[in-house]
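Asks: There's a structure below that I have some questions on.
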């Protein structure tokens, strides 16, 4: 017999025999009747048990045991979707023989974060935890589809690199066939090189930061949604593509937060004024970002705000300066509810500009040889962005700790499961 | 002025002024006229230069320099798609000031593999190299779409793990905040755990093998297309989902190789007989796989062939035995033109079976604690597969060396660019 999903029950003919399968989410063993709630990937089914032999079987099958239930579809206004299953035959697929570390059948998962992470494979089954992973999957799908509609091509780049170049510190070192190697902190250089091949590229992949601080915002591995595009006039072309991409992500997620039309943008110097910060501040502090978030909502009715033109001295060496005033950059951040969730901008594209930028920082060219090679052989004006998937989902859902938006987080203290 | 792509030229009104942009693929500086071939992500445009000042400009702009060309659409039967551009104004976006390490304008890339890999950012621009990366992108897109149509949910799993468990050797070791960590050789355990959450999951991501042999088939990092599904009867349900997924991949690639309907399957013991191997061989040698490929084409008109029931002693400990004869497994390989490109099977799903399997191999349970935890708390019968993206593309395109099917390969001797 073909198994059906819990969500398909309501469309079945009353009186028909069907088979469902899933986890025992909850048993309610009353005196004359027992109720069994079976959880599958789609939702829940209610099974009514009155036969003594089946009741006895159910008493042995504790919560999270996996069962297949063949029973009759019966109308009951009290049951989920007005349908329950009666007269069941239960086939045991997997029996749980130990107590669960925490209860799974409550509406909220009543367990500390450490316990949840220690038993992640169990905790993630709770609908509240699974929901944010589904949102992450939808965000990623929306990201890809919006980019492919804009001619971007998917790439896969190396996660093991020769030099600890970009942002230098906080890099994981490994033994690469007897010589040092490092885990890539971003696909930045590679996605730029691939602009030379496909003009527009994107990558969804892991990046690694040996972040020594144990905060609610940092992960040692996270999923980076990267894009890079060539033949731009400046960073505004990049922002337009990002806006369209974010709209696609939010559309795919299907929640209340949407982007219709443009996202407001303010220059960094104006942002400082709005946030009440001194005019010579080199960066935005969290309090400034929050103030800007409130301002954008108040003045523009927008939960999103671009801040453009960050000072060159606070942006990486490959950032393209503002041609009108090279103190400022063609770099931007995107704030969402007063928190930075995307960083992007226009990059340098001429070899001589790279050589000058690295010399200015007192950096040798050697470690960048493979990267600079592409720029010797002709690269168009280009720019791009990176979105941290987990932070984006956390901000969207209101989850305070980014560890709850990924299945098996890695941090300063955690490398398992 | 809005830039158009080379492929849009043929649909423009003759006599209209348009702007294109791209790389100088080739210059032909004849006595009275010069021809400029501009390459963009979509193809090629031909530009005719007769004006002395523009000719002089073009003489400075060597191949691979990046230009924007504004010119008049002119009919010419000799030109690509019957259209060329005349009376151009050329704006230089990036100038190449050094000789190229190899010529880019020949139909085939006339450079050794080492030179191509040393200058990957340049070599990949050659249409022959870019083509296989586009096929990889299409394969990946087809993989995801076919799986999402079958209710699979995308997951992201850790690439840094605590134990060098599965297949033990050939693992990269790293310093994880002062203690040892390892790069994941596959998402096998994690995707199994996530069957407990979503029933059906997939991941496209990098896997790492510290493969000490320098062959045309091995990479230290490759892209693994992984899927795992719960509530299966046995490995045949997994093969049916894989067949449908492969059909989707080949459909998205759009070449001549397609899958319509079922893929033939033979049991391992039968495969040995067909290949003329002794009945007690524990595995298929490359010559056996080739013989089976020829047989499948001859007998079934199929380039694909499943071999099922590999001996348990040659499969990993988590493999589910054949209930009818536990000498054989419910594991399978998929051969494509006589080469294994997919490995899969049904896995154990009961905690007690895992404990017995590890004990049989004399392995301690400790390193597997996080993995086994999920099975203590109830898991359905399940199975899945893994496809190596680069090997799949190599086999499909006839490319002999897997290094040519990825942008920046990593191997025993190469960690850059």
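Heads up, the Cβ atoms here are built off N, Cα and C, so glycines get one too.
Here's the feature list from TrEMBL:
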| type | residues | note |
| --- | --- | --- |
| SITE | A:80 | site 'Important for tRNA non-discrimination' |
| DOMAIN | A:143-417 | domain 'Aminoacyl-transfer RNA synthetases class-II family profile' |
| BINDING | A:166, A:209, A:343, A:347 | L-aspartate binding site |
| REGION | A:188-191 | region 'Aspartate' |
| BINDING | A:209, A:210, A:211, A:217, A:218, A:219, A:340, A:388, A:389, A:390, A:391 | ATP binding site |
Asks: Residue counts in helix (H, G, I), strand (E, B) and coil for the region 'Aspartate' (A:188-191), per DSSP?
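Replies: For the region 'Aspartate' (A:188-191), the helix, strand and coil counts are 4 helix, 0 strand, 0 coil.
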Asks: At the level of the C-alpha atoms, what whole-angstrom distance separates residue A:347 (L-aspartate binding site) and residue A:80 (site 'Important for tRNA non-discrimination')?
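Replies: Roughly 55 Å, rounded to the nearest whole number.
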Asks: For residue A:343 (L-aspartate binding site), which residues in the same chain are close in space, meaning a Cβ under 8 Å from its Cβ, but six or more apart along the sequence?
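Replies: Those within reach of residue A:343 (L-aspartate binding site), by Cβ under 8 Å and sequence separation of 6 or more, are A:331, A:332, A:333, A:334, A:385, A:386.
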Asks: Nearest to residue A:80 (site 'Important for tRNA non-discrimination') by Cα distance: which of the binding-site residues A:209, A:211, A:218, A:391 is it?
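Replies: Nearest by Cα distance to residue A:80 (site 'Important for tRNA non-discrimination'): A:391.
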Asks: Near residue A:209 (L-aspartate binding site) in space, meaning Cα within 10 angstroms, which of the binding-site residues do we find among A:340, A:389, A:391?
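Replies: So far as Cα distances go, none of the binding-site residues lies within 10 Å of residue A:209 (L-aspartate binding site).
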Asks: If H, G and I count as helix, E and B as strand, and all else as coil, what does DSSP give for residue A:391 (ATP binding site)?
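Replies: Its secondary structure by DSSP: helix.
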Asks: For a quick check of packing: other C-beta atoms within 10 Å of the C-beta of residue A:80 (site 'Important for tRNA non-discrimination'), how many?
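Replies: A count of 15.
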Asks: Restricting attention to the domain 'Aminoacyl-transfer RNA synthetases class-II family profile' (A:143-417), give the mean pLDDT.
Replies: 96
Asks: Using a 10 Å radius around each Cβ and all protein chains in view, which of these binding-site residues has the most neighbours: A:209, A:218, A:347, A:391?
Replies: A:347
Asks: Is it possible to get the count of other C-beta atoms within 10 angstroms of the C-beta of residue A:340 (ATP binding site)?
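Replies: I count 17 other Cβ atoms within 10 Å of it.
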Asks: Please find which two of A:209, A:210, A:211, A:217, A:218, A:219, A:340, A:388, A:389, A:390, A:391 have the most distant C-alpha atoms, given that the record lists them as binding ATP, and give only that distance in angstrom, rounded to a whole number.
Replies: 21
Asks: Have a look around residue A:211 (ATP binding site) and count the other CB atoms within 10 A of its CB, chains all included.
Replies: 18
Asks: With every protein chain in view, what's the tally of Cβ atoms within 10 Å of the Cβ of residue A:389 (ATP binding site), excluding that atom itself?
Replies: 24
Asks: Using DSSP reduced to three states, classify residue A:340 (ATP binding site) as helix, strand or coil.
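Replies: The three-state answer is strand.
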Asks: Check residue A:80 (site 'Important for tRNA non-discrimination') against DSSP and tell me helix, strand or coil, would you?
Replies: helix
